[in-house]
């Protein structure tokens, strides 16, 4: 590196740049964010706020401290690069400019090893001190060119880079230091400086792919730590070495190209990256195709752009039906593809040839045959098969069928089977054998996607379909259906109404005549002759029947043939019944209420006639002549054609229920009349005309429904009472059954639990009733240890026969059972205790206490051995002393 030189100029305090043109030497390779130089701007007024700018903002940026940074990475040309740095006062908007000229470092010319190892010396610039004269010159700050250091250096380490010194080290003892990433900040310890000599060294090899440049700051202080020089910036650029191979982003690349593509068609792009400097030859890649498989129809069907990695076609003849896929081996080499010095890597490009519609569908036969029974729909009558060399299940392979002739009425359609691509000829309208016995259809098949341009084949294929219609036995049909007949009601039973016959459409089948039967006749008014279809009545036709709706009565009949298989058809007969005056009018409602006084006392009534006009209203209303009291007490006045008013003729009529006959006559010809009874309830009324004694009148005339309801309530109440009584009796019986039906004094449990009687030991306190059924057997004497037997133990005699209790005795037999057991125990010499008669029955054996009834017996004390009492513990010590102490 050439020594850095600078000149010093005399200048007075003038705001602005110290020079119009500033020249600096920088490295040829510039990285984004790299500091290049430091421009100085002098402000006589230290309070001014200066904003710096660049005429080339896309390449250079000036910080607020005057440091010029590179905005992007680029290579400086051999010619100097010039741009303008501007400074503007934010308050006054005054602007100053300075032209900057950047000159790249000269290329290495092969200096001697001694010159290369010569250590550059960087001297701190002079500065103006606070106590010096204001007229003393100061040296302009140095612009330190970057230090270039190759990566992967083999040392030896530490390797000296540059010596930093201050010209004041002659008068002061100084200490040097560096700060920044790589020194005192992570990664620490890469760069060190000798604090005395200022020698800056690197301690280990650098890796440009990890850190491309280091920005350090050098400091000079005295022994007291006082700063004697302004810090200077040192930029160390790591020079790239070709130590990384290219790496493809994917090891396998997939692309597609349509078959039949012309040369120059773009296929895909493969990309590789190199961790080395992309702006140097180490990171400049070149691509090439090493191999192609298969090599047909040409071994060079594709080429690749050696700089961009774009793969394009260079030969015609791509045919998917012959070659569906090509595999290319792609090589990427750095050093601009230099095969000698460059590093290489490979990847695989798989190119699939996609299908285009270059093959139309072709029918496998010229004529197809099928048959269909007549009157059948949605039936597949023929399968049309085609072949297509294009890729299956794509628009270029899928076939579409259409009929071009032979079906003017549209009785057929052709559907496509999505799996097999066959055409399914289907019947969509019924076909009559008697009309058409055969169809000859012309069909065409073509693809969903049009044929590609330049294909010489016709776009569609045609074929003929011959369809035979099969005759089947068809159902007879009535003519007309339905059949309408107009007839007056009242037609008597046995009258001929009409003839309803059917026709058989089968003209070419040998079969007998049709047979008729009745299928639906809700009122059972009709019958049909099974041979000729003549319909006669079996009852009187009544228009007012519930089976007649809107004067219309419907009946359904069946016609059957004797074909194979037998078929039948139905027909509907509609009888429109004309009304005759066969119903007399009736009064409505049947009951009414009025007051016993003259005013108010009007009752509105309505005449109801099932007949229709003109055999209905208007109606005439009148009261009969007999009995005479009717006309004497009542009067009736017609107020409209269907309505009349009934009222009292006299001033007062005693409260009660009265049957008033009313004669109603319709307007028919001849007239029809009837006498209807109107039940009128006369009651006392208040001023508003409302009855006040309705309850009394209603009670007097209590209806049948009310009486039935009252009786049902009474019956239900009696049933509930009876059920409650039965339940109470059943509960009493269950309670009595749980009690023993014996005298309490004879209860065996009370007789056994006598606490003041000492029997056979403690076992009588926890008795078991099973002992009453079968006493324990005699315990063998052999199992008793010698010296422990008591003299009053159970003697060995013949076992007496105790009464055996049944498995489930009646509770009343318990007393008798216990008495029998008592007698047997009294006669049993083996029952303990043997000198007492206070035990009713034997209650077990093996008492640990034995019998205490002979403690004071002088006849047995001498013969009994009581030494074992010493083994029973302190509680029996007294007894052991009394009976087990020998002569004492």
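In case you wondered, yes, glycine gets a Cβ from its N, Cα and C as well.
Copied over from TrEMBL:
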COMPBIAS  845-862  compositional bias 'Low complexity'
DOMAIN    141-248  domain 'Cadherin'
DOMAIN    249-363  domain 'Cadherin'
DOMAIN    364-478  domain 'Cadherin'
DOMAIN    479-587  domain 'Cadherin'
DOMAIN    586-692  domain 'Cadherin'
REGION    845-866  region 'Disordered'
TRANSMEM  706-728  transmembrane segment
Exercise. Report the DSSP secondary-structure composition of the domain 'Cadherin' (479-587) as helix, strand and coil residue counts.
Key: 0 helix, 48 strand, 61 coil
Practice problem: Give me the mean pLDDT over the domain 'Cadherin' (249-363), rounded to a whole number. | Solution: 92
Practice problem: Please spell out the DSSP helix, strand and coil residue counts for the domain 'Cadherin' (249-363). | Solution: 6 helix, 50 strand, 59 coil
Exercise. Give the residue counts of the domain 'Cadherin' (364-478) per reduced DSSP state, in the order helix, strand, coil.
Key: 0 helix, 53 strand, 62 coil
